[in-house]
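This report refers to the structure that appears directly beneath it.
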Amino acid sequence: MSAKYIFVTGGVVSSLGKGLAAASIGCLLEARGLRVNLMKFDPYLNVDPGTMSPFQHGEVFVTDDGAETDLDLGHYERFTHARLTRDNNLTTGRIYEQIITKERRGDYLGKTVQVIPHVTNEIKNAMRKVAADGDVTIVEIGGTVGDIESLPFLEAIRQMRQELGRENTVFVHVTLVPWISAAQELKTKPTQHSVKEMLSIGIQPDILLCRTDRYLPHDIKSKIALFCNLEEKAVITAKDVDSIYEVPLVFAQEGVDKLALRYLHLDTREPDLSRWSALVERCYHPTGEVSIGIVGKYVEYEDSYKSLKEALVHGALAEGLKLRVTWIEAEGLEAPNYEQQLSGFDGILVPGGFGKRGVEGMLNAIRYARENKVPYFGICLGMQTACIEFARNVCGLQGANSSEFDPATPHRIIYKLRELTGVEEMGGTMRLGAWACVLQNGSLAADAYGKTEISERHRHRYEFNREYEAVLTGAGLRISGTTPDSTYVEIVEIPDHPYFLGCQFHPEFKSKPLEPHPLFHAFVKAAYQNHKPHTEATQPAAESAPIGK
């Protein structure tokens, strides 16, 4: 069978949900028994997002092979069975880097290197490489049609249609149909202009996903179809929903998968969406509520913690609970009234981050959770700060710190990875990707996983200093997870506590709605057991509120 491609583009404005659309289409095709690949092209000049500010880019999603990628790859993995690699996310910067390397090596034999054909060929070759193992490859093009940065990618997919034919390629365009309250009507002009822009570069969309807050009536669909040169069935209502996990069901109801398969000349079984439907049912009919306070450095932009939030949702759904998240600015907890800000939460979580800003506030939050027996979950920096707090306030090691925050600290509880000593480059130099971990029998971690050998994804430059292991474990801290060779400490716990666990890795990157991560499930369960009284909850299944912005 020839390789089949679905290209997902966006128009009018950014942040319309191209990534969720691609993931949802992948979910539906998998439910029909097809093997699905997904990839994203990002038009920025950074080689990868690893050194980009979370406030600009959002979360950096890490794959098993250690690639630092766009957060949309997290959606791809959560909605499908795909396990992605660095080949599934390419940027303009990385493509240009590859081309310049080839040019310096003499691969182009003296030719003038140009956007067409050299850049577009590199893009097409990347798509073919990913498509080699699968039935359908879904390719998301980052940015918005009309952006100068996206033009080489759009030209590449235009050429793919020419080379492979209509029966092997489908163009899905995500656009906006806004409701204008003053006029009390839906406006189609933004969509018409977006499609006109696509046509100007030689691409006729086959399917339009129209983002809107209500179902599109027949007359609106008919109007869009007429002016955008496609059949009315191909004008899809991409309606706003309270839970992102409802999107595949909305698309199935609108017939997106059937339409794409008809265009691709593919026959499949009927989709089995029973588990997905049951998941959405739990989203909207929780039996209780759990409140989690997340103490972070980048809480002003929730996309900085996209996978983290979703992993908590997965844990809550596994228990049939509504999740209420409160985002707490870590610096705000450096004030004397920090205990007042932290009271009332069923659980406290400190996620990853870099730099010393807000660390003292995190330490206050950890102390509060430890002393008041509030379930605590620390991830990456959250584990490191838990060790520092324990060293200071339980072991009495005054001035204990990380060399990242205080190079002159008398007690380096956390220090730079030994193999990174003398390394000055920032990009791609951390301990990245999947690493094995061995758990102690009888520990919280082993009980949660149900086994003692695991593999988790990492992204860090600093590690626990094992010179302090005897002091901390002698005072009651338990090291329950290490690398197989015992080089790195991966998990710490406090046994004399309802739930207190810190891990050096990022478990959120492997959590899925139908397969919640064991540590998030265990944490949410412990937090709910700490919740008094157990009140009935109402939809939606997850809410967010900020503190200290």
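Placement of Cβ uses the backbone N, Cα and C atoms for every residue, glycine included.
Binding site for UTP per Swiss-Prot: S14, K187, T188, K189, P190, T191, Q192, plus K223 from the candidate set K221, K223, K233. The candidate list D65, D70, D72 contains one residue that Swiss-Prot assigns to the ATP site with S15, L16, G17, K18, G19, L20, K239, D240, V241, namely D72. The L-glutamine site recorded in Swiss-Prot comprises L381, G382, M383, Q384, E404, R461 together with one of G353, G358, G433, namely G353. Here the CA atom of E508 (active site) lies 40 Å from the CA atom of K189 (CTP binding site). Of all the binding-site residues given, namely S14, D72, Q192, E404, those whose Cα is no farther than the 10 Å limit from the Cα of E140 (Mg(2+) binding site) are D72. Between the alpha carbons (Cα) of D240 (ATP binding site) and M383 (L-glutamine binding site) lies a span of roughly 37 Å.
C380 (active site, nucleophile) and H506 (active site) are 7 Å apart (CA-CA, integer value). In this view, G382 (L-glutamine binding site) is surrounded by 26 other Cβ atoms within 10 Å of its Cβ, with every protein chain counted. A separation of roughly 48 Å, to the nearest angstrom, links the Cα atoms of M383 (L-glutamine binding site) and P190 (UTP binding site).
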